[in-house]
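Following: one structure in structure tokens, then a few remarks.
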């Protein structure tokens, strides 16, 4: 079992892979909506690709929470750790709110009310009481996922519960990740983190590819995932306009 207080390269690597997948999907999405490219963005392969990308991000959120907690509990009190998570969660949620405001101003439909940043911010805050559990998180995570799939068969006249997974019949958003089922993946990530990296020690032996050029490049992206998430869409859209591929329209 490896004992290290440093970052595990494979976590940043996988987060970098998720970043690349996200950029590929959003580039395809923008080409479809802004340039009328014949990309079947709502076909099953693309839907699975998008959901796999989101799932990878959320699993890594859970794993990272366990690593952060294991390292912090050696230096800080429980209250200090909770306040640290609270500040971090609020910060990410506020960035989600900025995206909500941006889409409200610039989009005619598909406004993002509870997207993946809202979910991640909320997850960081509410996961603190569950952070040390292993199999309980696995079971609870699976239950939340199943509940989310069940709710997806219905619509509800309760827009104030949109964040939880009770979707109104007329609702449409370009980015919608409610607690049910998506928070279940964060809990499964916590289970994986406590199983694979107990007390911030890697239980499995894997080859050290951290100095590989590809690994270093993807790990760099993974370490800056929030910044890349916030800027990549404006950059893609501006490039498409600059290249004359896209037209300036309100979606």
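Glycine residues also receive a Cβ, built from the backbone N, Cα and C atoms like all the rest.
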Which of these ranges is annotated transmembrane segment in TrEMBL: 113-131, 208-226?
113-131
Overall pLDDT for the domain 'Heparan-alpha-glucosaminide N-acetyltransferase catalytic' (7-234), taken as the rounded mean
96
Can you tell me which of 12-35, 138-156, 176-197, 228-250 gets the most C-beta pairs within less than 8 Å of the transmembrane segment (90-107)?
228-250
